[in-house]
């Protein structure tokens, strides 16, 4: 039986619509608390579980925080409140403080009217599927509030921001500083607005912060990693050396250089791998996704680095890294994983890794990416009849085979069905845009004819 509420990145939706309602979130807190309290060894030790709750800057965060806190308390679980805190900050603090679990109230890069709940285990990793399944099972049980002397207690973690700032700084080499660098830091009016500027300033940079005036409604609105034009303009206007774009919960990173050129997660992954090769002499492998640009795969293989594609989603990149014992992975959207630095994607830490790579090499981003030109992509969404058997179509298979044969070694074809609507996504990459367009349109035409 599939999970009813948990997706690949927790539970998410529009506030006020199921399941993102205060009554459901209260029951979710209670269910999670009961699962934590029943963990092996917990009852025998007599120790009360403690969870950390952090959130981004959405107006609904206060309501959902109160609901979660009430649910955990009713289950006899103590709560520590971090206030606005990046998702990776909650993961770090949960691990560092030896807590039972961490919870983030955020919908990441989504608009303010959405929100979500994401859990971290005691080691700062996302919850295993089996624990999420146990929480869902508890949601069906009646809420049996603990007796008054068994209720969980709640308190603020007053030094949460300071602890996380120091952790981020600790990932930057002690031999380097950022003196003499002018950085524009875009916090997306989100969870990092209180911490990110301080991290770079305390390392010596001249910081120009933007997206640091949250009002509950403006998170990700025209700023941040999902809207980098604001950062590109600010970098040029302020003659900055570099621009750093985070998203609403600060687990994504995009970078802008002094010319206003934008670098995505695919390109930054290549930069970090090349830096590791220069530092350590070898990188066994790196992980991208089905959407990672083919040019990056080619460049990494030419550098002697194995490259594996995971399903789309940082959760799947992480799974592949752990399975292979590798350190570096990324999505083009800016989720960058460096498992020797953090257990999860962290936009601030990733920015510091990029800055350290530039310091070590003495090069600009453009210079580090010389010879790597992203292949043009053509994406066509083809609407089909619900239930259409596109996989069984010989005409579609022939169109795909023809494109793959023509592009052999110089491009690729990716066909993906949408998980939410009867749409087939046809994506073709090639060295020349004309080739990408021609092959994508040929496949799309075959799909239309076969599924009409």
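Cβ coordinates come from backbone N, Cα and C, glycine included.
DSSP gives residue 108 (active site, phosphoserine intermediate) a coil state; it is part of no helix or strand. Proximity of residue 108 (active site, phosphoserine intermediate) to non-local residues of its own chain (separation of 6 or more, Cβ distance below 8 Å) is seen for 9, 87, 116, 247, 248, 249, 251, 252, given in sequence order. Taken from Swiss-Prot, the feature active site, phosphoserine intermediate applies to 108, supported by sequence analysis.
Sequence annotations record features per position, and here Swiss-Prot assigns Mg(2+) binding site to 108, 247, 249, 251. All protein chains included, residue 247 (Mg(2+) binding site) registers 33 other Cβ atoms within 10 Å of its own Cβ.
Per Swiss-Prot, phosphoserine is recorded for 108.
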All-chain count of other Cβ atoms within 10 Å of residue 251 (Mg(2+) binding site): 34
Beyond the site residues 108, 247, 249, 251: chain residues whose C-beta lies within 8 Å of the centroid, for Mg(2+): 56, 86, 87, 106, 109, 190, 191, 246, 248, 250, 252, 347
